[in-house]
Amino acid sequence: MIIRSLITWWRGPLLVGVCFVLYAFLRSSAFADAAFGVAYIGVALGSAPLIKETWQELRARRYAIDYIALLALLVALVMGQYVVALVIAFMASTGRALEAYGVQLARKSLTSLIERIPRDILMAIEGTPGEKRAIAEVRVGDTIFIRKGEVIPLDGVLESENGLTDESSITGEPYIIDKIKGDVVRSGTVNKGEAIVIGVTAEEKDSTYHKIIELVEKAQGEKAPLIRLADKASGWFAAVTLVIAAGAYFISGDWGRVLAVLVIATPCPLILATPIALLGGVNAAAKRRIIVKRLASLETLARVNALVFDKTGTITLGVPRVTSVESHSTTRSVEELIGITSALERNSLHPLAKSVVSYAHSVHAPMMQASRVEEQIGKGIGGVVAGSRFFVTKVQDHDSMAVGLYENDVLAATFSIEDEIKSESRAIIERLHRQNFLLHIFTGDKASAAARVREALGAHVQVTAEMSPEDKQRGVADLKQKGFRIAMVGDGINDAPALATADVGLVFSNEERTAASDAADIVFLGGEFSLVCDALGIAQRTVRIAFTSIFIGMGLSGIGMVVAALGGLPPLAGAVVQELIDVIAILNALRASRQG
């Protein structure tokens with residue numbers, strides 16, 4: 001693959017280089033007349049792609065960036081400067097090779113994403129490996145056989161009794177996950193245990209990992225405002241070049257100076273360095289499990305000056321946790337009340353029920369059995385435990401989220417429940433404050449719960465409570481009217497209106513919220529709050545590198561043109577300087593691919 005790419009990229013420069021060497025040899029031999037034919041062949045080989053693209057642009061009535069290079073070639077040939085013409089042709093073909101090489105490096109993480117997934121898979125027949133089949137041919141309902149260490153290529157459910165998977169590529173959690181029969185397994189994760197059988201629930205085009213790849217590909221295929229600006233500016237650059245070239249001839253009457261100006265003029269830093277830098281930024285983000293769905297979003301994120309956060313799943317873990325238990329019973333111990341509540345809640349799938357069961361397990365509450373259990377959706381769950389009738393439901397007049405255990409309609413215990421704040425949240429908020437971001441948290445929680453969040457995070461963030469999705473949207477719109485550029489960080493579900501209203505929307509992904517969330521511009525594959533800082537840092541660094549490449553490259557090119565116009569740089573030296581400027585601009589742009 002690498003050798004084939006190198007041959008493809010460098011075939012043009014090699015052919016022109018061979019013609020150059022042959023021309024030099026023939027000029028000093030008895031076949032000097034044949035040298036001119038070789039020169040024209042070399043120029044034709046090097047300029048053919050330029051002529052083709054320029055013709056296509058002319059037919060589409062668009063400005064072509066190669067006008068100046070073609071004009072320089074024509075002037076060199078008319079003046080009989082065959083060495084200069086060959087060097088220009090060589091530099092033009094080398095510039096295209098550098099562009100292809102730079103884009104390939106910038107897309108490196110996308111290539112690695114694609115190459116992780118095998119192209120074919122073993123089908124499972126009664127729990128054993130069967131025939132091989134292309135991934136694209138596997139259908140929903142088929143069963144596939146995954147050996148130890150293999151990447152799971154399609155979404156599905158585990159049909160083996162148990163399994164072990166590594167989901168770090170999707171969730172960022174560096175743990176091996178125990179799976180039992182019927183559990184969901186997602187494409188892109190790795191089988192770390194013995195061979196397993198999976199029932200396919202989504203075809204390749206609909207699987208989690210394939211959607212992630214599609215998002216990165218889509219982002220790389222579009223033009224950001226910075227790229228469009230660079231395209232427009234290249235027209236002005238050509239005009240300036242022609243003015244300087246005309247001035248050089250007006251001052252000196254020397255066509256050599258005109259040729260030198262045309263040769264050294266290069267829009268490469270403007271045209272190539274910008275997309276290479278932005279592509280590199282997208283892929284640097286992908287390496288950190290940050291999926292940029294739209295290329296323009298990276299540029300927008302670099303310019304935001306205000307951040308609005310949803311609380312649940314963003315500032316907090318998004319997992320309810322029992323923080324305390326208050327007994328109101330005079331006849332039962334706290335341990336018994338916890339055991340009774342857990343006996344009922346084990347029969348419910350509600351998230352709050354899971355938190356109570358988990359708490360009971362952690363404090364080693366007695367295991368008790370419930371009978372005649374009945375769950376009333378939206379109200380609670382009841383049943384008989386230890387000969388008495390109990391009912392578990394939310395406590396409405398509590399100052400925080402709470403679940404109450406009622407014995408014969410009398411409150412026996414209150415379980416206070418909170419969504420735990422992520423351990424790094426305060427440090428990240430302080431870091432963002434030091435970077436002069438305006439910070440807001442919009443939450444639907446009660447004022448008392450919001451006050452505790454404010455206390456935990458410090459005075460650098462403004463917390464607004466009891467906000468509906470519509471309130472959050474209005475809050476973002478109000479901030480935008482005040483002149484702030486807003487990044488909204490939410491869960492992609494009830495925050496969708498606010499995410500869509502913000503200049504750029506960022507979402508933390510989990511099993512229910514995949515990278516395909518329509519409301520998000522950027523998706524975090526994992527729950528670490530620090531990913532927000534990572535995304536901001538990558539965006540700012542990428543745009544900074546893009547502008548640096550433009551200013552350095554265009555500055556050097558401008559200086560070179562002035563020197564050439566004044567006679568300080570001959571055409572041949574100008575061609576070499578032009579190529580050095582291109583190399584400097586592209587190499588600088590490639591720095592964006594690294595995780596700075």
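Every residue, even glycine, has its Cβ placed from backbone N, Cα and C.
Note that the structure is predicted; figures quoted are calculated from it, not measured.
Residues or ranges marked as domain 'P-type ATPase A' in TrEMBL: 131-217. The transmembrane segment annotation in TrEMBL covers 6-26, 63-90, 233-252, 258-286, 545-566.
When DSSP labels each residue, the domain 'P-type ATPase A' (131-217) comes out as 20 helix, 31 strand, 36 coil, counted as helix, strand and coil in that order. Taking Cβ pairs closer than 8 Å, the transmembrane segment (63-90) reaches residues 13, 16-17, 19-20, 23, 35-36, 39-40, 42-43, 45-47, 50-51, 53-54, 57, 234-235, 238, 241-242, 255-256, 258-259, 262-263, 265, 267, 271, 571-572, 575-576 in its own chain, all 6 or more past its ends.
Within the model, the domain 'P-type ATPase A' (131-217) carries an average pLDDT of 80.
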